[in-house]
Structure formats: C-alpha cells, structure tokens
C-alpha cells in the first residue's frame with residue numbers, strides 16, 4: 001500500500017519538462033541488497049562512512065529505459081537492443097547526458113535523482129577532456145565502450161533514516177511507459193513474499209588466478225623503475241602506473257559485491273549490470289562531487305595496511321603521517337586538485353578544507369584531504385568533471401605528461417580501472433567516484449587492477465606489495481588469498 005503519492009507535472013516546474021511520479025511505501029522489513037536481488041536491479045548505489053556509519057540513501061535502478069554509449073568520437077542511443085547514432089550538437093557523451101537530465105527538474109527531495117543517467121567513463125575517455133595523445137592501436141582485451149550510462153524508468157530509493165522506500169518513475173521524450181502501472185507492479189513484487197532469489201546467497205565458489213600474456217609482477221616493477229626515471233629526468237613530479245590481475249570464477253558479480261560490501265564497507269559502493277559484463281566496487285575515493293554550486297575533490301594518497309591490534313594500527317598511522325615520501329606525494333595531488341578546480345571555480349574560492357587526516361578501512365588506511373570551490377555561474381558539474389578527469393591520484397603530475405607515460409608503459413588499455421562511476425541530476429549536480437578497488441566480471445573472468453604513486457624514492461618491491469594490499473579485499477570477496 002502506498003503511503004504517499006506525488007506526481008510532479010510539467011506545468012508545476014516548466015512547460016517543457018516531463019512528469020515524475022514518486023510513491024512511498026514502508027520499508028522496515030527489507031534491506032537494499034535483498035531488494036536488489038529480488039527485483040533484479042541493474043544498478044545499486046550505496047555508501048558507508050567509517051566516521052558516520054551508513055549513509056542515508058541507497059539507490060536501485062530497476063527498469064532500464066535506454067542507454068547511451070560512446071565509442072571513439074561517436075555517441076550511440078541504445079533502446080530495446082536497437083542502436084542509433086546521436087545526431088546532435090554535442091562535444092561528447094557528457095553533453096548528451098545533460099540533454100536528457102534537463103528533460104526533468106529536481107523533485108525537491110534530498111535523495112539522489114539520476115535523471116542524467118548512471119554509468120562510467122573509462123580512463124581512456126580522458127582524450128576527449130583535454131589535448132591528450134593516446135596510442136589508438138593499444139590492445140583492449142576487455143572490449144568496452146569509452147563510456148556507458150544507463151537511464152531508468154523506475155528507481156527504488158531506500159531511506160535508512162526513516163525506513164521508507166521511494167519508488168520513482170521517469171519518462172523521457174525518447175522513451176515512455178505507463179509509470180503508474182510500472183510502480184504498482186514493483187510495489188506488488190516487493191510485497192509478494194517470494195524471496196527465493198536469495199537462495200544462492202553465500203554459496204561456495206572456486207577461484208584461481210589466470211596467466212596473462214606477460215608477467216604482471218615483473219612488468220609492474222619495470223614500469224615503476226621507468227616511471228621513477230621520468231621523475232629523475234624532471235619530466236614528472238609523480239606517475240601512477242598500474243597492474244592487472246585476472247581471476248577465473250563462476251561467482252556471480254552480485255554475490256561478489258555482497259561479500260565485498262560486508263567485509264569492506266566504504267563511502268562509495270556500487271554494482272552496475274550492463275548485461276554482458278558487471279562492474280562493482282567498494283572504495284573510499286570520491287572523484288568530484290558538485291552540489292549547490294560547490295565542487296569538492298578529496299585526494300587520497302598515502303597507504304598503509306591495517307594493524308593486527310589497536311597499538312599496531314596507531315603505530316602504522318604515525319609511521320604513515322611521518323613518511324616524507326607519502327606526504328610529498330599527497331601534497332602534489334592536493335595541489336593538482338586545487339589547479340583542476342581553479343579552472344572552473346570562481347577566483348579566490350578554492351581552498352583546502354581539511355588536510356592530512358587518516359581514514360581507515362578493512363585492510364588499509366589512507367591520508368586524505370578535502371579541496372572545495374564555488375563554481376563559476378556558467379559552469380555545471382559536467383564542467384567540473386571534464387576539468388578534473390582523470391584524477392591526479394590515478395595518473396600523476398603534471399597530469400597530461402603522466403597519462404602519456406602511462407599509455408606508453410602499460411601493455412593494455414585500462415578501460416574501467418581509474419575511470420569514474422557516477423550519476424547526474426537535472427540542476428547540473430553530480431556525484432562521481434574513482435573506479436579503484438573495483439572489479440569487472442565478464443564471462444567467467446573477474447578483472448582486478450591496482451596501482452600506486454611513484455616518486456623519486458619509490459621502491460619497486462614495496463610498490464608491488466602495495467598493489468596486492470589494495471586488491472586484497474576484493475580478492476578475498478572472491479575467496480582468493482593473494
């Protein structure tokens with residue numbers, strides 16, 4: 001039974017806008033993950049802070065309306081399996097997302113409202129954000145689009161403060177359904193008592209590391225050495241190479257996500273099901289967030305493993321904060337964040353709000369800072385995303401030179417790794433996170449990847465071990481010790 005129904009009609013918010021239907025139902029008996037499994041969610045967005053506990057909202061995309069993809073310089077509209085080129089005056093997919101978002105207005109609620117889609121930008125999308133030259137012939141064994149966003153007719157938003165469920169229905173000029181009927185069908189499914197979909201939760205699965213065409217450990221150590229030489233030569237202040245791990249497993253990605261979110265609760269947790277492949281993550285690192293005209297970047301650089309005892313944990317924290325190399329690396333990335341925001345923020349508004357504090361997660365701890373600025377009047381979240389992509393924490397400084405060195409050294413395209421995942425709202429607000437501590441499932445192969453910042457005094461063996469530390473939580477969710 002619906003507790004409350006609101007239909008936001010075009011004449012209320014502007015004649016050109018489409019209506020949004022919101023219905024509210026009790027949610028005390030349910031969990032977001034259980035609902036995601038029961039209802040076959042295509043997208044799950046959740047958050048858990050080490051300081052504040054669980055964030056207020058979890059979001060599920062239940063019924064896909066269409067998707068928008070970018071491959072090379074072409075943008076495609078895909079609906080019901082049929083694909084057509086987007087013929088519009090756009091620079092890239094980000095302009096297209098904004099076009100769809102602006103078919104709606106903000107519903108006046110605090111919860112996330114992704115009318116502009118939910119999806120990812122690959123690392124290689126950076127070539128469309130600045131003058132960056134990447135090797136067009138570089139292998140891409142994952143065969144992924146440069147960017148892909150899902151748009152929904154029906155979302156479920158779970159309010160953890162009130163235990164209420166908001167069912168949100170959206171139509172677009174290019175895709176329309178009976179929203180009242182769609183929301184009623186979801187409400188009936190929520191309350192039908194059939195939870196058989198949860199029967200496979202916790203089932204055992206085997207996992208094994210697969211060989212690659214090159215030795216990932218030795219290649220990574222060689223790349224650390226090569227990146228260090230770029231620093232010595234004065235070409236870079238820092239570079240961030242990465243390495244890949246392939247794991248064979250029949251474990252469904254949604255089950256791996258369940259295990260990861262339980263063992264490694266993080267501020268940014270997501271599961272995205274694109275059909276042929278799934279992407280999931282539990283990680284602390286924001287890319288850029290824009291809300292109410294304020295843009296924020298939170299550089300995370302400097303890592304130590306967690307201690308086995310409280311005393312060891314405190315000792316490792318003190319060691320991390322006293323590490324000259326780690327602090328220098330972190331300062332460079334704070335300066336890079338200030339520079340990125342300075343491109344699209346009002347003069348004099350960019351400032352470091354918090355600096356050099358420690359955040360702890362299940363397997364590692366990090367040094368974190370927060371940089372904020374007020375957007376210029378003619379800028380939106382899309383401009384902030386373009387100006388800051390990719391993050392300095394996964395590329396280096398100077399950013400363009402570091403990206404081109406990464407492209408030369410790494411044997412395959414990164415694709416999902418160190419890109420971003422996020423969603424866009426009608427007013428230009430957005431929330432994006434960096435796709436690290438993440439995994440992609442395609443067929444029976446799970447793909448993990450990690451890297452680290454390289455400066456003058458980096459040690460290849462220590463840097464290699466750090467990549468294992470960063471992948472360990474995800475690997476353990478697959479039942480694999482690395």
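Cβ coordinates come from backbone N, Cα and C, glycine included.
What Swiss-Prot says about this one:
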type	residues	note
BINDING	47, 267, 268, 269	L-tryptophan binding site
BINDING	302, 303, 417, 437, 451, 452, 453	chorismate binding site
BINDING	329, 466	Mg(2+) binding site
Below 8 Å Cβ to Cβ and six or more residues apart, same chain only. Which residues does that give for residue 303 (chorismate binding site)?
320, 326, 364, 365, 366, 452, 466, 469, 470
Report the same-chain neighbours of residue 268 (L-tryptophan binding site): residues 6+ apart in sequence with Cβ closer than 8 Å to its Cβ, ordered by sequence.
47, 281, 282, 283, 284, 285, 286, 421, 433
Using DSSP with the three-state reduction, classify residue 329 (Mg(2+) binding site) as helix, strand or coil.
helix
Residue among binding-site residues 417, 453, 466 with least C-beta crowding, 10 angstrom cut-off:
466
Cα-Cα separation of residue 267 (L-tryptophan binding site) and residue 437 (chorismate binding site), in Å?
12
Counting across all protein chains shown, how many other Cβ atoms sit within 10 Å of the Cβ of residue 302 (chorismate binding site)?
22
A 10 Å Cβ contact count, applied to the binding-site residues 267, 451, 452: which residue has the minimum?
267
For a quick check of understanding: given the listed chorismate-binding residues 302, 303, 417, 437, 451, 452, 453, what is the maximum Cα-Cα distance in angstrom, as an integer?
19
